[in-house]
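Visitor: I'd like to ask some things about the structure below.
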Ligand SMILES: CC/C=C\C/C=C\C[C@@H](O)/C=C/C=C/C=C\[C@@H](O)CCCC(=O)O
Ligand SMILES: [Zn+2]
């Protein structure tokens, strides 16, 4: 069953008032409430706040009022706070105030500098018999340029059936219906192999006025090629009784589900009516506003609203036999009934993560934070769909050891979903920031050595990626040229880990967490609701530290001047600075890996491995076991006897934890250990998370003739079980594309 929540509009935060209040001493003020709901939320939200951990420079008080030299004329910087009180609402994200249409996005045809979507309404029927979505989308389009004669949407693998346009009702900016729709000409451009077909819609009116708005209704259907959608047969689900559908729109698959300006530079709100066969439940990346069963008892209509502006890649839908179990005051975990208890147990710390993130950044903006455990073919660890994060069941380790992915997706509620990269060339702005916040959360939960150790594991994964591509490969730079490139092809751990390391380095270099954490809040507050470029990110960082660095502007300038920005942002390969991570948790991993390598070097000695005991790993965390195995993967391949001893000593062949199982199989494949092949095939057919299946298939493919044949055969015979995004990448990996 869908849940129903009403959304309370948040009062806008008034920086100027905050400055006055700050000077006066203690209280932060919001603007006068605009609605009774605002008033209700405001009365409970005026709170005292402790602050000013960061001394101001002498000029900063004046700067807070007006800052003519600022590259941000409207910017009134926040006072730095050491903590945020719960219930204190800082901002409202409002597409009206902060439209950020981009004139240019290398991966979108949207003419967003001319006309851009502010809101859209979906009305879709889920047809499991034909495996399509069918219905309409209505865009509320705002004219940004008086010369705009058309609006251009992205489409790929869609059947467009008709387009109508009407002037949007001016009296009600939220109204999505009009009586005077008229059919207009549209034109589908020739298909681009990666980006699909631009849909040109004539606005059809003689007078176009900047800021005027039109409703553009497009009737359409998806097709079997629509790569955002995976329809599962009942046999592919845990319950085996009902079909299932889920979507994955990042990076540029939203255009295969709905005609839209499919650029992260455009933020929109949305509403939806989804008609699904009974007894299935539909959920979206939005708040549920109810559901109604049709009179004839065959379908249920589920309705949704997302009132916080977000980019198209965050549109998400799931339809299946879903059951929810509450795991926190604003969180329910949704999954098939067969796994709901296990999922609720695994993710019990969700609320703690959200609260830590709120203290680090700003209050949670999206109302609900629900989790959906998707069937095993989900191609990623998690996807940060607002209000409803999608996660892979490979996180269900039974010991809560893999929930860092949930901390990661929660962090995206700020970095990525509130503050968004304006195009995919700076994907690291989403991911590097999110890994940074995720590890801050883990550090707050489990201590600084755990954060540092997670960073070491990340560094190892970055080294692996750079080794894989080659140190001069353009995909190993933070900024990637995506001209004529499908972002999926450029996707790797690099933006995650190199981006993290840039922020980790800056934090230390600029004076440590006491100085950097207030900047993190300021960054979110300043850019919330916007899509930004890397240049905007950097300008604000420089501006902030020159204004607020406790050692003064000159020292801040000196420190910032020492950063090799070009190497960090534009050069391929490993980062220009190698971080000194805390080694507390690393030493034991290193020691154990060295012992194995020494033993493996004594090739002819029968007793080379007798010194190893299962207790070697008894005190290791999952991350430590993973790093131990990463160290083995970095070194020369182990001899067969060592692989056998390793598996026997630590019982790796029976371990279910996906991170350990994956690395064990990688170590064995690296050694071309043929007895592992069956287990690898079992694992790659059990789940479709690309983090595991792509390296495993590639390694099997590289493990001699037998391995190569088996890899191709396994994939060819089972291609249908994989998500279209994963299947496309695997076909390339195995040279079958
Ligand atoms: C430089 C690359 C430019 C753009 C890439 C943008 C999107 C890539 C696309 O393939 C989608 C990625 C979605 C990722 C979702 C979740 C990840 O955080 C999961 C990471 C891997 C995992 O844990 O399974
Ligand atoms: Zn992420």
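Each Cβ is built from the backbone N, Cα and C atoms, and glycine gets one as well.
Annotations for this protein, taken from TrEMBL, read as follows:
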type	residues	note
COMPBIAS	51-61	compositional bias 'Polar residues'
COMPBIAS	70-81	compositional bias 'Pro residues'
BINDING	248, 249, 250, 379, 380, 381, 382, 383, 384, 689, 690, 691	peptide binding site
ACT_SITE	496	active site, proton donor
DOMAIN	584-734	domain 'Peptidase M1 leukotriene A4 hydrolase/aminopeptidase C-terminal'
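Walk me through where these features lie, including what they touch and how far apart they are.
Guide: Taking Cβ-Cβ distances under 8 Å and a sequence separation of 6 or more, the neighbours of residue 690 (peptide binding site) in its chain are 379, 380, 725, 726, 729.
In the three-state DSSP classification, residue 496 (active site, proton donor) falls within a helix.
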Visitor: What does the structure give for the C-alpha distance between residue 382 (peptide binding site) and residue 496 (active site, proton donor)? Integer Å is fine.
Guide: 14
Visitor: Across all the protein chains here, work out how many other Cβ atoms are within 10 Å of the Cβ of residue 382 (peptide binding site).
Guide: 23
Visitor: Which of the binding-site residues 248, 250, 380 have a Cβ less than 6 Å from any atom of ligand 1?
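Guide: Near ligand 1, sequence order: 250, 380.
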Visitor: State the mean pLDDT for the domain 'Peptidase M1 leukotriene A4 hydrolase/aminopeptidase C-terminal' (584-734).
Guide: 96
Visitor: Cβ-Cβ under 8 Å from residue 496 (active site, proton donor), same chain, 6 or more residues apart: which ones?
Guide: 428, 431, 432, 434, 435, 458
Visitor: When DSSP states are folded down to helix, strand and coil, where does residue 382 (peptide binding site) land?
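Guide: Once the DSSP labels are grouped into three classes, residue 382 (peptide binding site) ends up as strand.
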Visitor: What's the longest C-alpha separation between any two of 248, 249, 250, 379, 380, 381, 382, 383, 384, 689, 690, 691, the listed peptide-binding residues, in angstrom?
Guide: 18
